[in-house]
Ligand SMILES: *Cc1c(COP(=O)(O)O)cnc(C)c1O
């Protein structure tokens, strides 16, 4: 896929960079990637240093154990980069995620935090040594107990549904016990669990720090009503990143607010967990999509809503964009563009608007940033358009 590092490049395109432990071909810059690329598809870029920096922010600041929510980006290079940065715990939701994490980072501790699992998935995970599972119903609790032969070493995490808060993507519509069920399920699970916890998700891309406090206050009232003791509290994910048009508060403010809420609501002595997905890897990944055709303000790209741009199309989210030209050119005034993806489906449109230099033309590359979470991970093979090329850029 890449030219070897000979002329006309002044230095090898593929860096022997020892700080890159991702296992990917590594380049110093996006320009180097494009000059060396000989393929015809979009290119997924990972920035391992940015992923490592996000991991350090959480490991140093979050007041508890950091579990990476694997669904945000399961690429082995992301898992390895997080592991080398010190992340030891992974939140998985399927048999394939269990197997993937175990094969890529064999020392990892896995938490199976999907509240609806097949019996085969529970059995396989338990055989693989997983002991932490979530549930939100009596039937799922029963299923886990039956499949594990009423194991006495289970850590059970009750997922509660939250009243709607300020997240861009609410996640309590599908999973989570309501208040009355939660009170009853805590009592029921306490009789079987080695350790018992409560877990929630405030919704992804949560822009209201106070949602975590509301959630913790709500959990407190449920635990009190149940009359049982719990051992852990899992604050879920939801930590936001700065997409254009959104201005989240710095992560440190989230952490200190959560720390104060934990003690205000009497959870200070418990094991605390968090499950960031987006915040660990969104800014550590981007997509390089080539302009195949320009029609006025419409750019036809080789990646789209069936590739890594699902959220740009379906949620009308904006993403930071940059123009890269293979031959250097002065980039002047900008103009608003709309993107079309490569498939023949009319849903394959990203309205943006995306601001790019007005002289963008066929053969230029658009870098669409912040796609390291829920971007690359969502790509399908629809219509024969997809990318199998992921590179590391060591910037
Ligand atoms: C998706 C998900 C996460 C990660 O959420 P982010 O908003 O990406 O941080 C964490 N926990 C569970 C149970 C999830 O489903």
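Glycine too: its Cβ is placed from the backbone N, Cα and C atoms.
According to TrEMBL, the domain 'Orn/DAP/Arg decarboxylase 2 N-terminal' annotation covers 50-282. TrEMBL lists 71 with the feature N6-(pyridoxal phosphate)lysine. For 289-371, the entry in TrEMBL reads domain 'Orn/DAP/Arg decarboxylase 2 C-terminal'. TrEMBL lists 344 with the feature active site, proton donor.
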Measure the Cβ-based neighbour count of the residue listed as 'N6-(pyridoxal phosphate)lysine', defined as the other Cβ atoms within 10 Å of its Cβ. 18
Please count the residues of the domain 'Orn/DAP/Arg decarboxylase 2 C-terminal' (289-371) that DSSP assigns to helix (H, G, I), strand (E, B) and coil. 5 helix, 35 strand, 43 coil
Under 8 Å by Cβ from residue 344 (active site, proton donor), same chain, sequence gap 6 or more: 383
